[in-house]
Amino acid sequence: MAPKKDAKKPEPAKKAEPAPAPAPAPAPEAKPKVAAVDLSAVKVQFSPEQLEDYKEAFGLFDRVGDNKVAYNQIADIMRALGQNPTNKEVNHILGNPSAEELANKRVEFEAFLPMLQYVVNSPNKGTFEDYVEGLRVFDKEGNGTVMGAELRIVLSTLGERMSEAEVDALMVGQEDENGCVNYEAFVKHILSV
Amino acid sequence: MDCRKEGCAQPQDEDIMDIPLDDPAANKAATKIQAGFRGHMTRKKMKDDKPREEKQRDQK
């Protein structure tokens, strides 16, 4: 039907509704998904004395006063309690949280315990030998020392990179007058706390 | 890189950048070491902060 051309203004063509937003692209499943940690299956086996210690430490980290701690504090609480989890391990336990979740999601003590138990149960603990062997790789002269400078670079470029401040704090008093680190002594020092 | 120490034996001939960035074994070893170091530093910091925390608690 041909529109009548008259004085009436043609109605502007208006889309009744906006075009539907495209469906969000599915997360690329390039890597096989590692099974999420089932914390409900972890049996908490700490003694009453340990639980008391842990509760105290937990309380120290609660800056809000809601008897909870944030996701991004979990790694440090575990470290404070004698464990040495990698950041990757902690993220895995927490279900690979986003940055927002890390900052805002909070966990109460009872929920934290199976997380801690999981790390305690973890078989890949670093021993004195592990650390020494790891550092020996960088012992170019095979004389029990590594260059402090090289160690700093390794720590800040490989693995779970450490910041300059972290490396500085770590290396305080460890380098001799030649900038060398006796790594067995270094590891003993690390393991003493 | 700051050279605070004088007489610091900078590796002259060997390439200081001879760091195996892509080697999974080196990265795995580094990660383990870093985990141990981070644990140590956190515990050390807790120890250093503790007397202060206790004093604060006692004052309440």
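Please read every residue number as a count from 1 along the shown chain.
From the backbone N, Cα and C atoms, a Cβ is placed for every residue, glycine too.
Taken from TrEMBL, the feature compositional bias 'Basic and acidic residues' applies to A:1-17. Annotated compositional bias 'Pro residues' per TrEMBL: A:19-29, in sequence order. Annotated domain 'EF-hand' per TrEMBL: A:49-84, A:126-161, in sequence order. Taken from TrEMBL, the feature region 'Disordered' covers A:1-32.
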Mean per-residue pLDDT computed across the domain 'EF-hand' (A:126-161): 91
Kindly report the helix/strand/coil residue split of the domain 'EF-hand' (A:49-84) according to DSSP, in that order. 23 helix, 3 strand, 10 coil
Composition by DSSP (helix, strand, coil) of residues within the domain 'EF-hand' (A:126-161): 19 helix, 3 strand, 14 coil
